[in-house]
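The transmembrane segment annotation in TrEMBL covers 30-48, 69-91, 219-246, 258-281, 302-325, 337-358, 403-426. The region 'Disordered' feature in TrEMBL is assigned to 169-199. Per TrEMBL, the feature compositional bias 'Basic and acidic residues' maps to 180-199.
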């Protein structure tokens, strides 16, 4: 009876005003704290693709041995943008499953911005260890499999089989792309007005495509305008996000005043609104109609910006859903995930690794903030850094759910090993190591 009392008390105290506050703050914070940083990372990679004519992806395709290293380097970039880039490369069969593991294991997520600002020494050690373990484990998965086939079979009812420790496959014994019907060109053809002519589809999606083709000129003009506005608020959100971290991640009240609080609020709300429009409407009008894919090259600088906006908008949708699910779950249950993760002894790194199973950056940011307050040992921070997949898992979940499940299981294994090992090595078990 006592165990359910906090949950019942939290549920009884929860009001519509609380629900509205959670919704507005999550919608705002998700864009500024996550999407703005992701946008810049995806844009930089896309621009490199544009300037090199796709030679970067070609190099990765032709040099299999460096793929886990490249994946870990992508994952090591603060935020989730780098690791997000690796997911569509795997889906199209360009990189191996070990590369996905390396990218996700090295991903520090958006919690990296908190640790870099408040505990830079801890960040250097934790993310360095995550990088090394990511490269080693990624290579091991590619070369030896490490039981991926057995785990693959265990979740075979969820989605398509994925890999036996090599490239994406239709089953563990045969080669081929993870999705045999995947066409990198999307079977899409642009019309003269900048829209996208697509093969007819049944149901709601098909009806929407027919409507979009009928009103393409007006929708295309409006969608291009939204795209431009999206980038304006994305850069404004990036500025607000940097200031937010520089100030120690304070509470930011809702405000429309010409201040930091106003910039944070307006950029977040407008950015999320524009992201939802681009993802659910704009991508069918001025985009290819698909997201979560890597383009070989781009025809112009504008197309590069457009691609980055569409990809980030997809991530934004998933991030907001994750933020809302997490915040509502905590508010309704009365359970504090950070308090559970702060268990004493060797359970601390285990809790940190298990917390990393939760996709998205919300719980990990809370975990990082608790560490910066000196309430968690360094071993727990490092285990969480290796285990967490951040927002990079969302594109993979959207396209290949089973691959996402297997991948997150396999990033937790090295996290447990590294975290428990560090727990017994001084000074890495101490609380608040490296905090300013």
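Here the Cβ of each residue, glycine as well, is placed from N, Cα and C on the backbone.
Nobody curates TrEMBL annotations by hand; they come from automatic prediction.
Within its own chain, the transmembrane segment (258-281) is flanked in space by residues 24, 27-32, 35-36, 212, 219, 223, 226-227, 229-230, 233-234, 236-237, 239-240, 243-244, 252, 287, 291, 309-310, 312-314, 316-317, 320, which lie at least six positions past its ends and keep a Cβ under 8 Å from the stretch. Here the transmembrane segment (219-246) sits against the transmembrane segment (302-325); at least 3 CB pairs are under 8 Å, leaving out pairs fewer than 6 apart in sequence. Sequence-distant contacts of the transmembrane segment (30-48) (same chain, at least 6 residues past either end, Cβ-Cβ under 8 Å): 56, 77-82, 84-85, 110, 113, 231, 233-235, 237-238, 240-241, 244, 264, 267-269, 271-272, 275, 295, 298, 301, 304-305, 307-309, 311-312, 315-316, 319-320, 323, 361, 365, 391.
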